[in-house]
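Before any comments, here is the structure.
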Amino acid sequence: MTSGIRPIDVMLQRAGIRGHQRAPSDSKEFHELTKRDALRLLENDVDRLLQTTEPAHRPALQAEMNRFAELFGRFLQEEGPALDWNKIQKLPENAVMNYSNLKSPKNEQNEIRNMLDKLVVIKLNGGLGTSMGCHGPKSVIPVRSDLTFLDLTVQQIEHLNKTYDANVPLVLMNSFNTDEDTEKIVRKYKGFRVQIHTFNQSCFPRISREHFLPVAKDFDIEKDMEAWYPPGHGDFYDTFRNSGLLKKFIGEGREYCFLSNIDNLGATVDLNILNKLVGEERASTPFEFVMEVTDKTRADVKGGTLIQMENKLRLLEIAQVPKEHVDDFKSVKTFKFFNTNNIWANLSAIDRVLRERTLNMEIIVNNKTLENGLRVIQLETAVGAAMKCFDGAIGINVPRSRFLPVKKSSDLLLVMSNLYTLKNGSLVMSPQRMFPTTPLVKLGENHFSKVKEFLGRFANIPDIIELDHLTVSGDVTFGRGVSLRGTVIIIANHGDRIDIPAGAILENKIVSGNMRILDH
């Protein structure tokens, strides 16, 4: 559990769930009874919710609520988030493969087509664009040349299918937040050479922190969206199987899925990795789970990393780290890599761990406060946390270019700029850039956080080919044809406004509130 949560037994007692009085309150038996009572009360409340649904829909919803109750039951049993730091083993030499050592497939159309026909591309498409001030799914925000995340993804896969006469399908995992809008949008791709499938991840009820019961009054999700949540991308495995798509693709002879966040513009199908998994370079014992990692920088210190524990490779997230070891976790020297959430998983292995019920992912406890002030808990899991449940799991240390997420307007500035060119739906870094790293960009939250606001502050996106670091704070606008080089810091104090004139070249400059331009 995250540090914001009190120990589970204290929480249960404060919620008025005190177990049976026959057991002493400090005994193990008391705590077990308390937890059992909490689970029973929750199951009763979930049954009450189910009675408000149409009888025809009830069996499917019952199965989903059983998974929710199981997750809640595991949450009650967990002693805490922190793992035993002393059990972390040295990462074996072969645990992380270097991407530069992978061989490209022979440039033979038949060979590459055969490889591609063993692949399914899955994009996690459950998120909304609200944090960037946009309505609807995040995947429909225009990011480059009026093309959205979804447009670029479809272009990439269509290009592969046309080039190699292949048939790589695209699967979108939606949430109840994005499903309806996405279904309307995918119709426009009907004439494209890409088969698009969609399925929904689960919809779980948020739990009140006060009484540990769902805050929803009934199963009318549309009426009270805040009472429900999609339980993180770790929910992929169960819902993918339940959709029937896992069985369908295995039946078609497909072997691997490549799964990534739809807002990571660097997560394209990589033929070198695919060659290692299903091509002539494939290992005699298959890698069931491959996590793409990349070198950690100071900007990534909170990202999940790879560790070896109990002779298994696994993902370690900051929420699982004991407080006294957080600095160790953030150290770039101790933990050199971080997880990009680009994952290649063997479909038959996914089927096996689900059938054998050996899938076990750490629970992420997410504390939220609703608009009405109600404090709730939502229980989530992460897709990468399943790594330890698979045999032959490895990491591949990939170039930074495969991790290009757009989470904020500062990321949008990079992908819209002349730093990249667009080629068949993929962003390619300009050869004019002298070094492979992207500039560090920080834009003030108050004036740049929403996409519409951000776009209104640039007559066009500046030339940033030679930029190292940009910080902008306050009421700042940019004229047409501005060039930013080296380190540029622009700070407009409260009440001031700075307009960078058209054609300005700022190289290693600090621009302060009174529009003085100083050498940096």
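Cβ coordinates are placed from backbone N, Cα and C, and glycine is handled just like the others.
In TrEMBL this protein carries:
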- Lys138, Gln201, Gly232, Asp263, Lys407: UTP binding site (BINDING)
- His233: substrate binding site (BINDING)
Distance [Cα-Cα, Å, rounded] between Asp263 (UTP binding site) and His233 (substrate binding site): 14
Neighbouring CB atoms within 10 angstroms of the CB of Lys407 (UTP binding site), all protein chains considered, total 14
Taking only the Cα atoms, work out how far Gln201 (UTP binding site) lies from the residue listed as 'substrate binding site', in Å, as a whole number. 8
Across the listed UTP-binding residues, Lys138, Gln201, Gly232, Asp263, Lys407, what is the farthest Cα to Cα distance, given in whole Å? 21
Same chain only, sequence gap of 6 or more: which residues have a CB within under 8 Å of the CB of Lys138 (UTP binding site)? Gly127, Leu128, Gly129, Met132, Phe149, Thr178, Ile262, Asp263
Can you tell me how many other Cβ atoms are located within 10 Å of the Cβ belonging to Gly232 (UTP binding site)? 23
Fill in the CA-CA distance, Lys407 (UTP binding site) to the residue listed as 'substrate binding site', as an integer in Å. 17
